[in-house]
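Student: The structure's right below; bear with me while I get my questions together.
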Amino acid sequence: MASTTLADLQTPSHPNPQATTTSARTQLPPINIGTRSSALAQIQARAVEQALKDAYPDRTFNICPVLAQGDKDKVTPLHQLSQGENAKSLWTGELEAMLEKGDLDIIVHCLKDMPTQLPENLTLGAILEREDPRDALIISPRLPKDTHLATLPPNSTIGTSSVRRAAQLRRIYPTLKFADLRGNVGTRLGKLDAEDSPYSAIILAAAGLKRMGLDNRIAQYLSSSNGGMLHAVGQGALAIEIRKGDEVAQELAYKIQDERTTRACSAERALLRALEGGCSVPIGVETSWRGGRGVATGFQPAKEYSSKNGQPLEEGEPDINEQDLVMEVLVVSVDGKESVGYNTARKVRSTEEAEIMGRDVAGILIDRGADKILEKISKEKMWAAKKQLEEYKASK
Ligand SMILES: NCc1[nH]cc(CCC(=O)O)c1CC(=O)O
């Protein structure tokens with residue numbers, strides 16, 4: 001981790017004319033990179049720092065890990081932590097306050113964890129090349145290594161706190177049971193592996209496991225064609241949040257953004273924004289790029305579809321503007337019994353066109369009855385929240 005101390009900054013530039021790069025470096029103030037403090041978050045922040053260093057060798061960077069409210073308090077019901085007048089997001093609130101004050105210059109987030117509406121004076125500076133966006137099944141060490149969803153013993157308990165993951169799995173594997181599982185990646189794996197663990201398996205994002213070098217634990221990659229599981233909006237992509245109007249930070253961020261991921265995730269987020277009305281929605285998506293000089297469909301390992309700003313296309317790489325953005329969406333009721341899905345593809349020649357595509361898809365899903373599923377879920381959520389709140393008050 002690189003850090004610039006005050007002493008470095010105060011060192012007078014070297015009289016030796018050959019030391020110009022050093023003196024240029026010390027004259028630019030360091031860029032403070034905010035991140036949550038979990039192991040995964042810090043790995044992600046270091047990857048972004050490295051990309052920025054490669055793009056701007058004359059700049060220095062500081063990584064500033066910050067403990068988020070959601071990381072501190074693991075007891076209070078989640079919905080209650082985010083309650084209140086100016087409810088700041090559980091995972092991003094502290095970091096955003098520091099960014100607004102100027103204590104940070106950029107924040108590295110998992111795009112998946114970012115609300116679709118950001119604070120007024122902050123903005124998404126860039127979305128970076130997507131890692132594998134799929135969910136992954138991790139099996140208990142007590143079960144045979146080749147166990148997958150279809151061969152789990154009936155009535156097995158899956159650890160996940162995600163309504164999206166549970167609802168989609170109930171739809172196809174109605175005998176599975178689900179139990180809450182919170183904590184960062186290491187904690188969740190620890191709870192699965194514990195001697196007295198209630199879980200037969202858990203679901204985690206493949207991206208996080210891959211970044212931590214834990215993908216050897218993955219028993220099955222889940223997708224629409226494998227287990228009928230579509231991932232969360234923005235899953236697998238990192239994002240950089242900056243202050244609106246901060247031209248230095250915007251330039252830094254733009255330099256490392258990935259255009260395909262940006263357009264695909266912008267479509268996904270516009271879809272979610274149009275459907276959510278303030279509460280989280282159990283919606284699964286899959287997006288990919290198709291056509292334009294014969295590129296495969298489906299998830300493409302990042303290298304095969306990378307195209308960074310300002311860099312020429314690699315040989316054989318299709319022009320993004322000649323490709324179709326393919327989008328598959330599924331909204332499922334909590335019990336898995338009702339669902340509305342839609343698949344489509346179109347050319348999107350800008351982020352704005354991608355957002356229009358996302359909103360159009362939301363409209364079609366609503367026409368097909370997704371609104372009824374979502375209304376029911378938001379009612380059930382309110383009842384559950386009320387019940388939890390009463391229990392919480394009674395326990396005090
Ligand atoms: N909800 C927490 C979270 N936010 C992002 C990731 C994974 C990494 C990513 O999607 O980029 C995870 C862990 C998980 O869902 O397993």
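Numbering starts at 1 and runs along the chain as it is shown here.
Including glycine, each Cβ sits where the backbone N, Cα and C put it.
Those TrEMBL annotations? Automatic predictions, nothing curated.
According to TrEMBL, the compositional bias 'Polar residues' annotation covers 1-26. If you look up TrEMBL, you'll see 31-250 marked as domain 'Porphobilinogen deaminase N-terminal'. The domain 'Porphobilinogen deaminase C-terminal' annotation in TrEMBL covers 263-288. TrEMBL lists 1-30 with the feature region 'Disordered'.
Tell me what's around each of these sites.
Tutor: Remote same-chain residues near the domain 'Porphobilinogen deaminase C-terminal' (263-288) are listed as 111, 116-117, 127, 130, 133, 163-164, 167-168, 223-224, 229-234, 237, 297-300, 320, 325-332, 334, 348, 350-351, 353-359, 361-363, 365-366, 370, 374, 377-378, 381 (criterion: CB distance under 8 Å, separation of at least six residues from the stretch ends).
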Student: Please list, for the domain 'Porphobilinogen deaminase C-terminal' (263-288), how many residues fall into helix, strand and coil according to DSSP.
Tutor: 14 helix, 6 strand, 6 coil
